[in-house]
Amino acid sequence: MKEYQLPQAPTRLALRDALRVRSAAFPWNRAIGSGLATCLPILIGLLLGDIIHGFSAALGAFTFLYIGAETYKQRAKKLAAVAVCLTIAMVLGTLLAPFMFTLSIVAGVIGVIAFYVLNTFQLVIPGPMFFVLIFCLATGLPVDPQSAWERGFYVLLGGALSWLLAMSSWLWAKKNHEKQVIVKSYRQLMAMLQAIGTPSFYQMQHVTVLTLKQADRIIYGSKRKPSTLHLHELATDIFHTMTQLKNANLTSEQLKPIEAQLHAVIDAIEDAKGNWPAHNTSCESLKTLQLEVEQAYALASQQEAEGSTSVKTESAWRVLVSGISFTNLTVRHAMFYGLFIMIASLLAHSLGFNRPYWVPVACAAVLIGANTTLTIHRAIQRSLGTIVGTLIGGLILSLEPSGYYLIAAVGILQLCVELSIVRNYVFANMFIAPLVLIIVETMNPGNAISYFVTARVVDTIFGSIIAITAVLLFWRGIHSRFLPFLLKDTIQHMQELLHAIHTDKQERKQMKKLTNSLIGLRAAYERSLGDFSASQQHAEILWPAIMHTQHAGYLLMAFQKRNETLSDAQYDALQNQLGNLLTILHTKQPAALQAYSELDLQQELNQLQTVLAQLYTAANKPTLAPS
């Protein structure tokens, strides 16, 4: 029998990683598209003899940056919403520019809403900063509340042009996004299959869940063929089957035929020619998996007539409302984010900064960091990049470019931003700073170049200092402190799903709650690795418990997916085990253990009980977060 191995915890983040250059492919399509989206409004304004309003419309080009992996229908809705929200930010900023206290509060509210909405829908790139940026830039333009609707109109026009550019790729590249995400799901299932019996299994299991969840959003939100939906549902079934095989003591020789068949499924989905590698496994534990893979191949190979099927999904509004809870870390992070944007704005105006709007913008950009280390990374990267970038911007402005030369400079800078940001944020800021400097100086002429350059550097550094101070004083270690609470919450969701399975009531709803809880638990752990030393060690103590909880949760879901029936004795035993776990977490004292071994799930819960009992026997006891 193979010895049980718990994988090592993920690597901690270090401050030196702030200047590490990543090896990533250059996103040429995105870069060229964003460059065109920024240039075209200015070019149109120049040709119409009104370049100032062309620059106003160029602010709407930030809409283009929110394209992602989605269907064209989803992209159309998302980018339209972004363009409208950027327009509202411009209108509000122009109207409230004379009122220091009110505009600071509204800047914070915009930060809260944008952060919560984008993170709830996992649109973390490029994040909420651009909504704060547009609002704050509007407050820095010549004070003229009567021009609010006019400025907003031009931003909306720029957003509409970006929408057209983002959607125009359909004309020459009619990508089947549903097929792409299905292929990605089956490739990830291949990686999970290869990890069975290895210490990397837990990581592959987690990545596979994230991949399938992304596929949920794309496939359920699109017009799809029935076979596409069935292939996605089969991928979920295959995942749960592989989860049950984790402790099956399978050899690589036994798994290779299944790998070959999964390869054939992927080829069939991609319409590649190939033969089915026929193989009848003699291993009883692999027969269910092989049957599911064969079904997937049959679906992928068949020629299906055009048609679509629909699945009832939760509305976006319901998703947002259901997530509002003070125990939700995303809600807390959003409130923290907005609060210190407001404080940064109030301080900048109170201290008499020349261009006070740069301070909350810098604070907003830095606070996007998910933990202490990443926040310091962002501060270092933004400060260094801004210093170099403002020098570049000052040099460009000293040449007094105009007309087509000015448009070319803006387009090239935006192109460089998108190409360099995948390598390191500091490089991107070397181009962001001169780009914004040129736009603002053109829209607000009459000041010396040195005035803009000095104000930008000083304000950016001050805003970054506010963000770092806020994180060190109020946010450091929050993910580590919340881990025991999230662990308890996840186990409670396991109890609820177990009850739903036993009573055949609301199983789908409880499955979704448990999946989100498991993903949130793992995300909080990974963010805690960016806290400083004491908090990192605090979190790493819980790593074995988190991994056993993750696997136990997915084993429980496998019961629901396979419609397996639990006897009353099995149900009572599982509820007893889960109750013991909650008792240990609530009292922070080891409880009397009762081991069960009839089911794989019971064996996993036995290991989790042992880990928690040992954890709370030690002197270092994690503290539950306040509810």
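Glycine residues also receive a Cβ, built from the backbone N, Cα and C atoms like all the rest.
Since this is a predicted model, take the numbers as computed values, not measurements.
Across the domain 'Integral membrane bound transporter' (343-469), the DSSP tally of helix, strand and coil residues reads 103 helix, 0 strand, 24 coil. Here TrEMBL flags 343-469 as domain 'Integral membrane bound transporter'.
The transmembrane segment annotation in TrEMBL covers 42-67 (among others). Under 8 Å from some Cβ of the transmembrane segment (42-67) lie the Cβ atoms of residues 30, 33-34, 75, 78-79, 82-83, 86-87, 90, 123, 126, 130, 133-134, 137, 151, 154-163, 165-166, 403-404, 406-407, 410, 414, 418, 439, 442-443, all in the same chain and six or more residues away from its ends.
Feature annotation from TrEMBL assigns transmembrane segment to 79-95 (among others). Here the transmembrane segment (79-95) has long-range neighbours at 56, 59-60, 62-64, 66-67, 103, 106, 110, 114, 130-132, 134-139, 141, 144-145, 147-149, 151-153, 155-156, 159-160, 162-163, 166-167, meaning same-chain residues at least 6 beyond its ends whose C-beta is under 8 angstroms from one of its own.
As annotated by TrEMBL, transmembrane segment applies to 101-118 (among others).
Positions annotated as transmembrane segment by TrEMBL: 123-141 (among others).
The list of residues near the transmembrane segment (153-173) in space but at least 6 beyond its ends in sequence, with Cβ under 8 angstroms from a Cβ of it, reads 29, 33, 36-37, 40-41, 53, 56-64, 67, 72, 75-76, 79-80, 82-84, 86-87, 90, 134. Per TrEMBL, the feature transmembrane segment maps to 153-173 (among others).
Long-range contacts of the transmembrane segment (334-351) within the same chain: residues 100-101, 103-105, 107-113, 115-116, 119, 128, 132, 136, 357-360, 362-364, 367-368, 459, 462-463, 466-467, 470, 474-475, each at least 6 residues beyond the stretch ends and with a Cβ under 8 Å from a Cβ of the stretch. Residues or ranges marked as transmembrane segment by TrEMBL: 334-351 (among others).
The transmembrane segment feature in TrEMBL is assigned to 357-376 (among others). Panel annotation: around the transmembrane segment (357-376), residues 13-15, 17-18, 104, 107, 111, 127-129, 132-133, 136-137, 139-140, 336-337, 340-342, 344-345, 347-348, 382, 386, 455-456, 459-464, 466-468, 470-472, 475-477, 479, 527-532, 535 of the same chain, lying at least six beyond its termini, place a Cβ under 8 Å from a Cβ of the stretch.
Per TrEMBL, the feature transmembrane segment maps to 383-399 (among others). Residues 362, 409, 425-435, 437-438, 441, 449-450, 452-453, 456-457, 460-461, 464 of the same chain lie 6 or more positions beyond the ends of the transmembrane segment (383-399) yet place their CB under 8 Å from a CB of it.
Annotation source TrEMBL lists transmembrane segment at 426-443 (among others).
Under the heading transmembrane segment, TrEMBL lists 449-475 (among others).
Most Cβ pairs within less than 8 Å of the transmembrane segment (426-443), among stretches 101-118, 123-141, 449-475, belong to 449-475.
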